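Record features, source TrEMBL:
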type     : residues         : note
BINDING  : H123, H274, H278 : Zn(2+) binding site
TRANSMEM : 73-97            : transmembrane segment
TRANSMEM : 103-125          : transmembrane segment
TRANSMEM : 137-156          : transmembrane segment
TRANSMEM : 168-191          : transmembrane segment
TRANSMEM : 314-337          : transmembrane segment
Amino acid sequence: MFPNVGYVTGRLREARNVTGRLREVGRIHVKRVEEVSEPLREPGIITGYRHENCSVIQAVASLFNATNETVNFWTHFVASVYFAWLLVSLSTIMPLFEDPYLFPLTCYMIAACCYPLMSCLAHAFSCLSLTATHICFFIDYLAIAMYSWAVAYLYYSYCFPPNLMNSWFSQIYLPVAAVNAVLATLCASLSRFIIHPGFQKTLRVAAFVEPFVWDSFPLVVWLYTCDTSTESCGESRIYHLNQFFCVITASFFYGSHIPERLAPGCFDYVGHSHNILHIFSIMGTNEQMRAVLIDLKNRREGLEKENWLPTPMWALQATPSLLMCNIFLVLLLTYYLSKHMRSVHQTCPQNSSRQPLVTATIVPSSHTKDQ
Ligand SMILES: [Zn+2]
């Protein structure tokens, strides 16, 4: 009477098996701190660690499960989408790609979209393997370094103090910022090869604090010397100060590992220092954007009178060259890392996938999620 019943039930059984297998592949078993190898452990984080050698499907599935990377991913993913939406919206009301006066803003907006995007991808796929973790974070550092360059170009173009224009400082400001962007990628990446946790953290923080200080110097001078009653800084100053507050707060939590260090186990999934770093860094970028949009509009006439127009060369030649230079650096570090991991695998195959070599003086040492 029902000749195809056997066929249909067979297909249904197969479909059930396939979905069961997919569920099993995507299932995330979080681990406690004592179950993961030493370099993976974070101060004050007791549980919520992912497997050390996830598949791509497991890495993606983990973003929809509670792990200590879930909030890290979503905070920067949402921010990246938000900045991309801002870029598209601004491009509909401003000639971002045609007007050379706006090229520094265009470079900055693209960098502001890319650095949270690279960060969230690094957090998502840092569990694939130890080698993949290091490469992911090399790329993350590259994106932050390019962002630091874009900020220097932005401040030079719209927030430079009149008393420093055409001085020796203005001559070296952008070339030094470009060198800083390469050094930041290099130092932050090399910090992953250092065993000593204090030295590693110091080098990584210094790699980004130094460009921040250099980039911000002319802005601080301008905010200090400008006349708030008549100049653009009267309107933008509050947003610039908010941005400094956000960056200092983010750096404090990143460097101190507070609050999880004070209450171990209480902030494993939500509210740990890296989550706070992400949120404040995005808020800082947002405030910076608001401030500069005010300055570039209010100061345009005055800057044009001073003949302080950024040459398009910085956007069309210097920025792509700097990006290429940083990419070359990351490829070089990746080559060195792969070579090193291969030699570890040959000499110590049972440990190669789980533990970096910790007896050498300079080795890939950390599997941390830090930016
Ligand atoms: Zn991060």
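Each residue, glycine too, has its Cβ placed from N, Cα and C.
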(request) Across all the protein chains here, work out how many other Cβ atoms are within 10 Å of the Cβ of H278 (Zn(2+) binding site). (result) 25
(message) Do any residues, 6 or more residues outside the transmembrane segment (103-125), come within under 8 Å Cβ-to-Cβ of it, and if so which ones?
(response) 56, 59-60, 62-63, 69, 72-77, 79-80, 83-84, 86-87, 90, 94, 96-97, 132, 136-137, 139-140, 142-144, 146-147, 149-151, 153-154, 156-158, 278, 282, 285, 289, 292-293, 296, 310, 312, 314-316, 319, 369, 371
(request) Let me know the most crowded of the binding-site residues, choosing from H123, H274 and counting other Cβ atoms within 10 Å. (result) H123
